[in-house]
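All remarks here apply to the structure that follows.
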Amino acid sequence: MAVKTLKDLLDEGVDGRHVIVRSDFNVPLNDDREITDKGRIIASLPTLKALSEGGAKVIVMAHLGRPKGEVNEKYSLAPVAEALSDELGQYVALAADVVGEDAHERANGLTEGDILLLENVRFDPRETSKDEAERTAFAQELAALAADNGAFVSDGFGVVHRAQTSVYDIAKLLPHYAGGLVETEISVLEKIAESPEAPYVVVLGGSKVSDKIGVIEALAAKADKIIVGGGMCYTFLAAQGHNVQQSLLQEEMKETCTDLLARFGDKIVLPVDLVAASEFNKDAEKQIVDLDSIPEGWMSLDIGPESVKNFGEVLSTAKTIFWNGPMGVFEFAAFSEGTRGIAQAIIDATAGNDAFSVVGGGDSAASVRVLGLNEDGFSHISTGGGASLEYLEGKELPGVAILAQ
């Protein structure tokens with residue numbers, strides 16, 4: 001896709017220019033509002049550093065959570081401003097609003113190399129409005145912060161599948177460029193979508209089958225094997241006639257799973273054993289069981305060791321691997337071994353078989369960090385779960401398509 005990039009903007013010169021950057025800082029916070037995974041913040045740094053060092057007056061936009069169009073302190077970007085200041089080694093100011101008086105005063109007062117973070121763009125209901133006129137009005141107010149000779153850099157890959165004001169509409173009003181992160185993400189996904197080296201193995205987990213139907217349909221023609229674990233595997237197992245007891249089940253998707261197994265049964269690889277739990281609790285009683293031996297009233301929260309071994313054998317010969325979604329409830333240590341085992345098998349294939357491996361953002365990327373695995377063991381860890389899935393499904397990403405215009 002022919003889009004102008006950050007390099008093009010830097011070549012044109014940014015010294016003294018206001019540059020508005022859309023980043024993805026939708027990071028997890030604990031009850032004390034401390035960031036528990038800085039992955040997305042770390043990924044944003046190269047673009048912000050390059051602009052700051054080039055002398056730009058940088059204004060950063062981002063959202064956090066779903067504040068539903070109103071100011072809610074719980075979703076303030078204050079922890080992000082603090083983390084950015086620490087990681088960049090320079091003070092990043094946080095505006096008290098998005099396009100209000102404080103944002104304008106601070107934007108006007110920026111000097112070369114300064115970085116200003118606007119408050120959560122979703123505090124303004126127009127950010128996610130379905131009304132184009134409302135979004136356009138908000139985009140005009142955002143663009144006004146850049147004064148004359150401004151520019152827009154799209155660097156939040158985790159949001160490019162959303163046609164929202166700070167991602168899409170603002171790009172119509174300012175010269176626009178793909179940031180380094182978005183450029184890298186698209187080139188990686190293009191490689192997987194257009195010319196994956198065989199054998200190509202896709203690993204899908206996560207809770208809902210309904211979220212992954214499109215990607216299974218799209219990738220079944222290209223992938224050699226599709227490994228299915230996580231919460232979504234229980235609907236497949238139920239479709240095969242297994243009693244999954246209280247495990248996560250999308251009853252309304254059983255027929256769809258039956259159809260997928262009928263069409264792609266030679267490619268879909270399912271677990272052969274499970275880790276059952278007496279309840280959904282980190283301290284629950286647990287036991288390793290075969291597919292029809294989950295005790296009555298219990299639920300499965302992870303794939304079992306034989307499944308890890310089987311999946312590992314499939315992955316060991318792969319030359320291209322795309323992984324999206326954990327194999328179990330990795331947040332509970334007792335039910336994290338399936339995810340750890342699959343991640344390690346992917347790392348081993350990357351090193352030992354020279355496979356090109358992509359972790360498709362979201363919970364899979366979080367699990368790599370939570371479990372303390374070597375992030376450098378994968379070829380690429382994406383920052384966008386939903387965006388990467390939609391791209392591989394063949395859907396247009398509005399926030400990328402607009403950059404080509």
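We number each residue from 1, going along the chain as drawn.
The backbone N, Cα and C atoms fix where each Cβ goes, glycine too.
When other Cβ atoms within 10 Å of the Cβ of Asp24 (substrate binding site) are tallied across all protein chains shown, the result is 25. What Swiss-Prot records for Asp24, Phe25, Asn26, Arg40, His63, Leu64, Gly65, Arg66, Arg122, Arg162 is substrate binding site.
Taking Cβ-Cβ distances under 8 Å and a sequence separation of 6 or more, the neighbours of Gly361 (ATP binding site) in its chain are Gly158, Asn324, Ile381, Ser382, Thr383, Gly384, Gly385, Gly386, Ala387, Ser388. The feature ATP binding site is assigned by Swiss-Prot to Lys212, Glu331, Gly361, Gly362, Asp363, Ser364.
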Exercise for the section: Counting Cβ neighbours within 10 Å across all chains shown, tell me which of the binding-site residues Glu331, Asp363 comes out on top. Expected result: Asp363
Problem - Chain-internal residues near Arg122 (substrate binding site), provided their CB is under 8 angstroms and they sit 6+ positions away - result: His63, Leu64, Gly65, Arg66, Pro67, Lys68, Gly69, Tyr75, Thr128
Fill in the blank from the handout: Candidates Glu331, Gly362, Asp363, Ser364 (binding-site residues); nearest Cα to Asn26 (substrate binding site) turns out to be Gly362
Fill in the blank from the handout: So Ser364 (ATP binding site), by the Cβ count within 10 Å over all chains shown, scores 31
Handout entry: Neighbour count (Cβ, 10 Å) for Asn26 (substrate binding site)
Key = 19
